[in-house]
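To start, the structure under review is shown below, and the notes come after it.
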Amino acid sequence: MRDYIELTKPRITWLILMSTGIGYFFGLPQASNWLTFLKNIDLLRLLHTIIGTGLIASGTAALNQWYEREGDLKMHRTAGRPLPSGRLIAGRALAFGVALSIAGFVELWLGVNLLSAGIGAFTLASYLFLYTPMKRRTWWSTTVGAIPGAMPPVIGFAAAAGGLTRESWVLFAILFLWQFPHFYSIAWMYKEDYARAGIQMLPVVDPDCRSTARQIVIYGIALIPVSLVPALLGMSGRLYLVGALLLGLWFLYSGVRVALERTLVRARGVLITSVLYLPLIYGLMLLDRPGL
């Protein structure tokens, strides 16, 4: 059982569900106080949304590991996973991933709405059939993978609102831009592993990581104005505006440091900052929602 759980990548799934929940809450009508806001929450629909999205995310993770099992065997970081280590056979992992994915789609379709199920299906398909094969061909795969990676809040928003508005795409944009410093820093730290597996991440084709550091800074700069848009649209207030600006500058600072001193220590600093940034900005966004 533990090996099957590991196939679902629980830590990544938790991040996905956090983003889905934020999207759901911002898809609800604005309320004048917390009591009214809580009354607007359809707990059963929220539960179906979380379960369905979690199943699709888990199924996608399992299918991704099934597809990459041979490459994972060549990487120190992933050689101990259930498939390359031989603890699970490929056929069972494939069946497990397919079953979870289908169950997640059905859960969203029947328990929530067709729109959220469709977005979930698009997320799975684009991740598995576009991003995953591209990883061995070009470092631009990170850009392609950031699209399905930013879809969880859109699923949540569609589940609550029954449609998509500019607010849902603002949440998408924040998560989309956030992924580049996050994943480039991971690829930087494990570039030798990725090279052994033949995965064309940017730090692999950019051995001195000069371009990688530049990309981290560029996306850090871009994230700051985009992260302020929720305040301009009335999704959040002044507290969020100030907090998002400070968080963005902090995130950018970690990127500038790695650009000035291209070391593993600085790359790890970007990773740690990115992991802290997302829940902090989500928390501020929700805490400072107008009327609450």
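Glycine residues also receive a Cβ, built from the backbone N, Cα and C atoms like all the rest.
These features come from Swiss-Prot:
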{"type": "TRANSMEM", "residues": "12-32", "note": "transmembrane segment"}
{"type": "TRANSMEM", "residues": "43-63", "note": "transmembrane segment"}
{"type": "TRANSMEM", "residues": "94-114", "note": "transmembrane segment"}
{"type": "TRANSMEM", "residues": "115-135", "note": "transmembrane segment"}
{"type": "TRANSMEM", "residues": "144-164", "note": "transmembrane segment"}
{"type": "TRANSMEM", "residues": "169-189", "note": "transmembrane segment"}
{"type": "TRANSMEM", "residues": "216-236", "note": "transmembrane segment"}
{"type": "TRANSMEM", "residues": "239-259", "note": "transmembrane segment"}
{"type": "TRANSMEM", "residues": "267-287", "note": "transmembrane segment"}
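At the 8 Å Cβ cutoff, the transmembrane segment (144-164) and the transmembrane segment (239-259) share fewer than 3 close pairs (sequence separation 6 or more) and do not count as touching. Residues 19, 22-23, 26, 142, 145-147, 149-154, 157, 201-204, 209, 212, 215-216, 219-220, 222-223, 226-227, 229-230, 233, 235, 251, 254-255, 258, 264, 267-268, 270-271, 274-275, 277-278, 281 of the same chain, all 6+ positions outside the transmembrane segment (169-189), place their C-beta atoms under 8 angstroms from a C-beta of that stretch. Only sequence-distant pairs (6 or more apart) were considered; of these, at least three Cβ pairs between the transmembrane segment (43-63) and the transmembrane segment (115-135) are under 8 A, so the stretches are in contact.
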